[in-house]
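Record features, source TrEMBL:
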type: TRANSMEM; residues: 25-45; note: transmembrane segment
type: TRANSMEM; residues: 65-84; note: transmembrane segment
type: TRANSMEM; residues: 96-116; note: transmembrane segment
type: TRANSMEM; residues: 122-140; note: transmembrane segment
type: TRANSMEM; residues: 147-167; note: transmembrane segment
type: TRANSMEM; residues: 187-213; note: transmembrane segment
type: TRANSMEM; residues: 225-243; note: transmembrane segment
type: TRANSMEM; residues: 255-275; note: transmembrane segment
type: TRANSMEM; residues: 284-302; note: transmembrane segment
type: TRANSMEM; residues: 308-325; note: transmembrane segment
Amino acid sequence: MIVIQNVGPTSSVRHRKQWRKQLQWAALFVLMVFIYGSHAPLITLTKINGEVPFNPSSCVVMIELAKLVISLATLILTGGIAALHAFPPLVLVAPYAVPAILYALNNNLVVVMQTYMDPSSYQVLSNLKIASTALLYSFCLGKRLRLGQWFALGLLMVAGVCHSYSSLDVGDLERKAEADERPRLHITAWGLFLVLVYCCVSGLAAVYTEMVLKSQRLPLSLQNLYLYVFGVVINGLSSFSAATSEKSFLEGYSGVVWAIIAGQAANGLLMSVVLKHGSGITRLFVISCSMLVNALLSWAMLGLQLTPFFLLPVSMIGLAAYLYYR
């Protein structure tokens with residue numbers, strides 16, 4: 001007699017678990033895209049006479065501090081506080097200082113680069129970090145990507161360039177150039193070198209963080225605690241050592257500024273989940289999709305005029321996502 005096992009219920013349970021997991025990742029992705037995309041419009045809303053009324057470096061410190069406090073609270077609520085009773089070995093904690101140093105370096109590079117190129121050139125060329133992240137992801141983590149996936153990431157980078165270009169008003173730039181009697185768009189050889197360094201450091205920071213989070217079998221809340229202790233210290237020192245602003249630490253903070261801090265803190269913690277349990281490549285798609293949300297929110301909240309050219313990067317990002325994840 002042949003006995004055929006009844007796999008129906010087991011298969012159904014497995015299918016429901018898979019569906020629930022996919023739904024959770026989709027919700028996480030949408031939330032991150034919305035937070036990333038709303039960042040620039042919210043900053044624009046805070047401006048008074050074209051300038052932000054708060055100290056940007058203090059905002060970065062507050063974001064890192066918020067992530068630190070939330071990580072500590074999560075660790076306590078999940079019963080992991082016992083891990084803090086003894087001082088952890090230096091060899092365990094030291095690797096978490098590297099991402100903080102790399103991100104602090106990039107924050108300063110963004111400021112320095114403005115001397116050697118205009119903001120529009122930086123906006124276009126910064127899309128090269130998609131290529132640098134993908135190359136470092138494949139090389140450092142040993143992840144072999146299919147030819148179709150490499151094509152998808154290339155398409156994603158081109159979509160970013162197209163979106164950046166579509167946001168430039170060439171006629172307005174020409175009028176400003178004539179008024180100032182100098183070219184509006186410019187980049188020097190030193191500026192090109194710096195933007196390449198910026199893109200490589202950005203990719204290295206993301207890949208290294210993913211490698212550290214996955215290599216240690218520690219609760220994510222504890223790993224986040226280590227990460228953001230260094231983030232607060234390094235960004236705090238950088239902020240106070242370069243305190244050239246006339247504004248005090250919390251001067252100009254409004255409800256919108258606190259919303260920016262809360263959103264960016266939440267996004268940093270959610271990105272840790274992605275890097276720990278998913279892939280750093282997902283981060284690239286989040287950033288790319290957030291450009292579209294940024295444009296739509298700017299249209300709805302700030303009156304930005306969208307052109308039909310906007311549909312090109314939208315289509316390219318959709319096609320890139322299909323080719324990479326199929």
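Each Cβ is built from the backbone N, Cα and C atoms, and glycine gets one as well.
What TrEMBL says about a protein is an automatic prediction, not a curated fact.
Among the listed stretches 96-116, 122-140, 147-167, 225-243, 308-325, the one sharing the most Cβ pairs under 8 Å with the transmembrane segment (65-84) is 225-243. The largest share of C-beta pairs under 8 angstroms with the transmembrane segment (25-45) comes from 284-302, of the ranges 96-116, 187-213, 284-302. Comparison of 122-140, 284-302, 308-325 by number of C-beta pairs under 8 angstroms to the transmembrane segment (147-167) places 308-325 first. By the count of Cβ pairs under 8 Å, the stretch nearest in packing to the transmembrane segment (187-213) among 122-140, 225-243, 255-275, 284-302, 308-325 is 122-140. Sequence-distant contacts of the transmembrane segment (284-302) (same chain, at least 6 residues past either end, Cβ-Cβ under 8 Å): 29, 32-41, 44-45, 130, 133-134, 153, 156, 159-160, 163, 167, 271, 274, 310, 313-314, 317, 320-321, 324.
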